[in-house]
Amino acid sequence: MQIRFTKMQGAGNDFVVLDETQGRLGLTPAQYRYLADRHFGVGADQILTVRPSPAEGIDFEYVIHNADGGEVEQCGNGARCFARYVRDKGLTDRDTIRVQTLAGVIAPRLTPDGRVTVDMGRPRFDPAEVPFDASGLAPAARGAGQTWPLALGAGADAQVVDVAVVSMGNPHAVQLVGDVDAAPVAHTGPLIEGHARFPQRVNAGYLQIEDRARVRLRVYERGAGETLACGTGACAAVAAGIRLGLLDARVDVRTRGGLLTIAWSGDPSESVFMTGPATTVFEGQIDIPDAP
């Protein structure tokens, strides 16, 4: 099976973008995994699919598959690339589009400087909405927020980390670290991602605060491992930091792949806004194995 694709990246978070506006490709999880494979396929953190929307007032459907082939609710860096793609391909002439995701409707906006701002919706901190099983745990209050003790491992190797849990349409667990470069992401990231208290698994964020307007962040993404950047992870980390009284309303987030700017008023009823780059890397076509 031969398909055309566009390779894009936003702050180093890289994507294969597929156009299904003229018909479904009908790919299987195994075929998504093949596309994402960096040795045999194109290579990507996620596969993004553009589909027409049947709903009035919605321009497109935005479908996201992780590198493991599983469909997920949201991807912030991908949303910026999605908006850049549909505009560059002439699928819309609008600067602001309304896009349906599994997590709800988002509204990416192309800015005059070439970046893209996305209304990512409001953050949710209720453990049940993340979802996070908080039964039997005592939270530690700080500012208007709270952190939860999360036990990792068992026996002599067990450790407890304090995490703020946030949903940005997908689940996040954010922990504060003194030095993000020294954070044990490769070791504890998988333990947090698959922790039994997160029934849908979770994205694990490691947040270093430099001052009230600047942070550094690494994220071990659910179904993808550590990536160079995670847009929803940046939104979740900043929202958690503001909620805990540690950050101001506008924060520059330095990831290993580049800079994102996150803005949130601190009002739980209001949206988080993310601004960052979206770049086309190359286009091509690839033969992928037919579905069994």
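Start at 1 and count along the chain as shown; that gives each residue its number.
Any Cβ shown, glycine's included, is placed from N, Cα and C.
Per Swiss-Prot, the feature substrate binding site maps to N13, Q46, N66, G76, N77, N170, N203, E221, R222, G231, T232. Sequence-distant neighbours of N77 (substrate binding site) (same chain, 6+ residues apart, CB-CB distance under 8 A): G10, A11, N13, F15, A229, C230, G231, L260, G276, A278.
Under the three-state DSSP scheme, C75 (active site, proton donor) falls in the coil class. Residues or ranges marked as active site, proton donor in Swiss-Prot (evidence: sequence analysis): C75.
According to Swiss-Prot, the active site, proton acceptor annotation covers C230, on the basis of sequence analysis. Other Cβ atoms within 10 Å of the Cβ of C230 (active site, proton acceptor) number 35 in total over all chains.
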Around the substrate site recorded as N13, Q46, N66, G76, N77, N170, N203, E221, R222, G231, T232, what other same-chain residues have a C-beta within 8 angstroms of the site's C-beta center?
-> D45, V72, Q74, C75, G78, V219, A224, T227, C230, G233
Compared by Cα position, which of the binding-site residues N66, N203, R222, T232 is the closest one to C75 (active site, proton donor)?
-> T232
Under 8 Å by Cβ from N66 (substrate binding site), same chain, sequence gap 6 or more = A36, D45, Q46, V72, E221, R222, G223, A224
